[in-house]
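S.K.: Pasting a structure here, questions to come.
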């Protein structure tokens, strides 16, 4: 007696084996994960303290020498010692036009909308455009106090911008020239392996296998199984014709 009425046992066993193989393949793919790389050890920034024994050895060697003798070690240390600054000279203050904090800029557009940008004084006009408008820096014009900032190599520190200053921004919407059409023989093909394109060949291969089993083992295929196989063949033929027709 057949396991499923109207379907032969060979067909049932074949579909069961295919289902088991599919489940095993999905389980293997889901568990196939790459191990993460181990983090690199961070170098220790703690300096090694100086051993006190070295200082004691230097002191003992100095005491053992004669008072009038001059050792090479003392001469070397005397030459390497930096000169002490005189009392009358004051330290040079840092220049007032080199702030350490970033500049806060307000980019104002034609529709009165604003955008806050942060930049450093050593940044250039071109780097500011690339940071705030990636891919559109060629269509952006910055205006400060009625002057067009057209030199992209000019630094922000040279402009002496005050905090929270307003830079008027004009973004051009002009579209570039259209690209020439590609020749018929150089059309880019699909990249990568498409799973959908493999479904129809697999179904055709399975259909051929079923028809081979139906011919070789005709007693195991009743009339209902043969009619179902013929209907499936007709449906798959229409699908293949619809997909591959010019």
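A Cβ is built for glycine as well, from the same backbone N, Cα and C atoms used for every other residue.
Remember, it's a predicted structure, so these values are computed and weren't measured experimentally.
Copying in the features that Swiss-Prot gives for the protein in this structure:
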| type | residues | note |
| --- | --- | --- |
| COMPBIAS | 40-50 | compositional bias 'Pro residues' |
| DOMAIN | 103-176 | domain 'Ubiquitin-like' |
| MOD_RES | 71 | phosphothreonine |
| MOD_RES | 92 | phosphothreonine |
| MOD_RES | 98 | phosphoserine |
| MOD_RES | 127 | phosphoserine |
| REGION | 2-30 | region 'Required to release iHOPS from membranes' |
| REGION | 35-102 | region 'Disordered' |
| TRANSMEM | 11-31 | transmembrane segment |
| TRANSMEM | 195-215 | transmembrane segment |
| TRANSMEM | 221-241 | transmembrane segment |
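Help me picture these features in the structure, burial and contacts included.
M.R.: Across the domain 'Ubiquitin-like' (103-176), the DSSP tally of helix, strand and coil residues reads 14 helix, 28 strand, 32 coil.
Around residue 127 (phosphoserine), the C-beta neighbours below 8 angstroms that are at least 6 residues distant in the chain are 119.
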S.K.: Grab the pLDDT values for the domain 'Ubiquitin-like' (103-176) and give me their mean, rounded.
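M.R.: Mean model confidence (pLDDT) across the domain 'Ubiquitin-like' (103-176) is 82.
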S.K.: Let me spell it out: take the transmembrane segment (195-215), skip the flanking residues so only those 6+ beyond its ends count, and list any with a Cβ under 8 Å from a Cβ in it.
M.R.: 10-11, 14, 18, 221, 225-226, 229, 232-233, 236, 239-240, 243
